[in-house]
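To start, the structure under review is shown below, and the notes come after it.
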Amino acid sequence: MSGQSTPVAPSAPPPPPAGRPPKVTNRGRTTVPVDSSNSETSDFPEVEYFGLPGPRGFPPLTGFLDISGVDMVKNPDEKNKVEHHTALFQSDKLIVRRGQEFQVKITFNRAYKPAEDKFAVEFVIGSSPQYSKGTYIPVFPTKERQSSWEGRIVNTADNTITMGITPKVDCVVGKYHMYVAVLTPFGVRRTVRDDSRDLYILFNPWVKDDSVFLDDEQEREECVMNEVGIIYHGAYDDIAERDWNYGQFNYGVLDACLYIMDRSEMPITNRGDPIKVTRKASAMLNSRDDEGVLVGNWSGDYTYGVSPTSWTGSTEILLTYASSKMPVCYAQCWVYAAVFNTFLRCLGIPSRVITNYFSAHDNDGNLKMDIILDDNGRIDRNRTRDSIWNYHCWNECFMSRPDLPPGFGGWQIVDATPQETSDGMYRCGPASVNAIKHGHICFPFDAAFVFAEVNSDVVFYSRSKDGTMEPVKVNRTHVGRLVLTKTPGAMTRRDITDQYKFPEGTTEERTVLEKAEEYGCHRDKSNPEVADVDLTLPTLEISVGDDFEMNLEFVNRSDERRTVDMYISGTVVYYTGVTTSEFLFRDPTVEIGPNKTVNELITVESKRYLKYLVEQANLHFIATGKIRETGQIVTAMKVVALRNPKLTVEVSATGKVNEEMVAKVQFTNPFSFSLENVYVRMEGPGLMAPKF
């Protein structure tokens, strides 16, 4: 009808992308957005007048003290970087550590007069600096007026003063900008923004009041300053080493680490707390739920990225993530741990990579890994679903834990490998190592999960035809057999198993397990009769492509003859314990006289397992059997880590600066056939970027 308008409904906002929840803002809840970006900054005005202008406007401030120049004392050989242990950073910015004095030199247009002149050095971080949040900090040169950061004049020479500044020992860690502001009767005049006056403030393990203080110089040098390291892998009885270039001081790495925290939208004000920083980073180092740094891939298909075993250092990964803003492909546990180690050391948090051999992935909290046998004693692979990783790598970082009772600070476990969710995200830790050892699995964060990784039992069940299951053997020593890290100051391994658990069978161990049960963990308490026949599988050192023999030793401890119906299975498994293919099966019957020993020899031909191999493939042998006379079950397991061809590196004559060197890499093809599409990836810390 004429004279009337048809109401139009407001258009609905566009739906969020499929699979993602809508992004929630702070509109209506806070007056300004939460400051969560270290890269965004807020420029301060060069002049701030007091009050309103007069009839002729604001008066000029040229007649008062003015700043002619600022020297950040930032060269690697100068006082600041040397005393703050930051001279190795490849950066032209000033990098210092909190809780420790650093110096800047300020040149004025005339001699500074303490009785007349007033000035302050201002530090700001983030997009909306506030004094109350600790993101805007004015530092004054006089004792009469001090802020949370201490300031003092160290030296005066002509028109230049040297000012000592001590950041608060728990201040925000990140990239700051510095201004120099002069107070006049009519207003404040400060330096214009200049990127040359940016500076980074890091955690300080050399200062006792810092929460990451580590009172061991050798450990500090290793866990903060060492740029290279060794990561252990392989098998418990055949340990292998992987060299890694952490490169925490390389150009761009510090900015990449700060970008990771920006990408996580971690509030700036939380970035001085190592507990919050490490927990957030353990989620951000994997890409499962937050588009973090690394994409995990255990499939063996690395078409769209780099094979995890090809990485030799962290620098390329971090710089690629920071520049592309996209997760980097691909990683497995040691890559996550190595890159996390770089992140922690770069920010000044002491850290080290840990390898746990026979690491249980227990996802239901019952502290047991179930292996199901049929009523003849043969393993039922369809029903056996728990996996024990041949090894698993995580990190330890050193810090105090004011959120826990006294005695539980020190080394804390953090793990970036996405295994299980914690508070809705794929992350783990920080969990106190001391809490794990003493069974306090109620303490945050994720102590129960880590406790299971080193303390689970392997329980063999016999499943009858009607579906009922009865435990027939319990192995309480298999999981968490050995925990290793690199020895400080040496290229050797260090056994730290005793830091995670008391010796098996001791009173202390039983007390710990009882305490863990008080906090809700469930452990198998069955005690099946021990068979009177012992079965042992040998330790073997086998290279890829080798034929070999496996000698099974049966020992009859009874005074009667024993007949054992055996099932011997050989499978190719990932290092995570997940089976790919069975390549060997034998079912011999073994007769053993009273108190006698019998050996059963099994021949394994390479042609049977080679076609099933996957990357980092291991051969897993499990022998199970049933004693006819008693019905008892005998079992034994062995992981054989296949050794790859050994690489040798030869370097030309002694290197000289600005002269070319030649490195020759060699290995011998162990197979009877030619290898195709072989590539070698290498890098030299401080010498050569990664090449392949």
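Any Cβ shown, glycine's included, is placed from N, Cα and C.
Those TrEMBL annotations? Automatic predictions, nothing curated.
So that you can see what the record holds, here are the features copied from TrEMBL:
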- C333: active site (ACT_SITE)
- H392: active site (ACT_SITE)
- D415: active site (ACT_SITE)
- N455, D457, E504, E509: Ca(2+) binding site (BINDING)
- 10-20: compositional bias 'Pro residues' (COMPBIAS)
- 27-42: compositional bias 'Polar residues' (COMPBIAS)
- 325-418: domain 'Transglutaminase-like' (DOMAIN)
- 1-45: region 'Disordered' (REGION)
So if I draw a 10 Å sphere around the Cβ of H392 (active site), how many other Cβ atoms end up inside it?
27
Given the active-site residues C333, H392, D415, find the one whose Cα is closest in space to the Cα of N455 (Ca(2+) binding site).
H392
Non-site residues, in chain order, whose CB comes within 8 A of the mean position of the CB atoms of N455, D457, E504, E509 at Ca(2+):
R476, T477, V479, G480, K501, L513
Over the domain 'Transglutaminase-like' (325-418), work out the mean pLDDT and round it to an integer.
91
Intrachain C-beta neighbours of C333 (active site), sequence separation six or more, cut-off 8 angstroms
W389, H392, C393, W394, T417
Which one is it: of the binding-site residues D457, E504, E509, whose Cα lies the shortest distance from the Cα of D415 (active site)?
D457
Per residue, counting other C-beta atoms within 10 angstroms of the C-beta, which of the recorded positions D415, D457, E504, E509 reaches the highest number?
D415
Surrounding CB atoms that lie within 10 Å of the CB of N455 (Ca(2+) binding site), all protein chains:
24
